[in-house]
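Noted in TrEMBL for the protein shown:
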- His204, His240, His272, His308: heme b binding site (BINDING)
- 42-156: domain 'DOMON' (DOMAIN)
- 162-363: domain 'Cytochrome b561' (DOMAIN)
- 1-23: signal peptide (SIGNAL)
Amino acid sequence: MDRFLKTVLFSSILVSVFVSSCAQNCSVSNNIFTSCSNLPVLNSYLYWNYHQANHTADIAYRQTGVTSSQWVAWALNVGGSGMAGAQCLVAFTNSSGLVRAYTTPVNNFSPTMAEGDLSFNVPRISAELNNGEMVILATLQLPTGRTSFNQVWQVGPVSGDTLQEHAQNSANKLSTGTVDFASGSTTTSSSGGVGSRQRKKNVHGVLNVVSWGILVPIGAMTARYLKVFKSADPAWFYVHVACQCSAYIVGVAGWATGLKLGSESPLVYDTHRNIGITLFCLGTLQVFALLLRPKKDHKFRFYWNLYHWSVGYAVIILSIVNIFEGFDILDPEKKWKRAYIGVLIFLGATAVLLEAFTWFVVIKRKNSDTEKSPQVATRNGVNGYGGTRSRQEI
């Protein structure tokens with residue numbers, strides 16, 4: 001009998017310990033939650049209780065390894081994924097040594113992180129920092145009609161009372177996922193790398209950099225510098241057309257991808273979008289202008305050349321401007337922006353060298369032709385471009 005009582009007592013203790021440990025797995029800051037999730041990056045954890053009656057959620061976001069010179073944030077992105085459009089809960093230690101918690105909406109990729117109202121109500125928010133653990137406690141009035149949302153969490157440095165930009169390493173870029181407050185399930189992007197939307201953004205960026213940002217300038221340089229060589233005529237023209245048509249085809253694919261991304265995004269990037277539409281229109285005009293290209297001796301050829309030259313260089317300038325606008329929106333690793341700057345420097349240096357060499361050849365050829373037969377040279381209209389009437393003709 002004693003053995004039986006001891007067995008029952010021991011079993012009760014084990015069950016009690018087990019239940020207690022289970023409860024402790026979803027408890028933080030003396031609060032017990034029904035659901036919790038160990039987020040895979042940035043030493044972060046999410047806890048919550050969902051109240052179906054009033055469609056609210058009590059949440060706790062905990063991040064370990066935090067110092068008083070860092071800020072932490074957790075957010076729901078109701079209309080999209082990632083940082084843009086995120087509705088954030090932020091906490092940091094201010095210059096007075098007090099932990100401050102507040103809400104801020106992220107409306108672009110260069111947020112000020114200033115305090116502001118979210119797209120949903122947050123009746124309660126507080127935070128505490130103890131032993132390197134920052135905990136944000138809040139009550140969320142969830143948007144109606146759903147319980148599953150995209151979530152984002154982040155950490156970054158603080159200077160005084162100013163929140164600085166967070167790092168751009170892999171952990172910071174993979175701190176996204178989803179949370180279903182009703183079912184208690186979560187998913188993260190760390191297992192699959194960047195999401196499908198991020199892949200679309202990357203494809204959009206690559207297509208436009210290659211087309212408008214590289215092929216178009218190379219095609220223009222081909223037309224300007226190769227035709228000075230008599231042996232390159234008419235090969236330079238076909239190379240020029242091939243470069244520009246290829247750039248246009250790839251650019252249209254990039255433009256269409258951008259339209260798709262714009263229709264799916266809750267944010268509107270007016271400058272980037274408007275320049276993109278302008279580039280598409282100008283590029284289309286340039287392509288169709290080939291069908292209206294007058295012959296070299298036609299009286300309207302000069303005006304066609306002037307139009308073609310002006311629109312072409314406008315496309316190049318707008319393309320470069322819009323690519324850097326895209327870099328600011330996409331916010332890739334700095335090496336990609338530096339790589340494109342390197343490409344521009346190379347193309348610019350090449351153009352300067354070719355410009356100097358071209359004028360050297362033109363002047364030398366003109367002097368040689370004048371010395372040999374000035375009358376024939378004048379009668380035949382020979383200039384430094386081997387019989388062409390204008391340097392702008394292509």
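Here the Cβ of each residue, glycine as well, is placed from N, Cα and C on the backbone.
All annotation found in TrEMBL is predicted automatically rather than curated by experts.
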Residues in the domain 'DOMON' (42-156) grouped by DSSP into helix, strand and remaining coil: 0 helix, 64 strand, 51 coil
Among His204, His308, which are binding-site residues, the residue with the most C-beta atoms within 10 angstroms of its C-beta: His204
Site extent for heme b (largest Cα pair distance over His204, His240, His272, His308, Å): 27
Average model confidence [pLDDT] within the domain 'DOMON' (42-156): 87
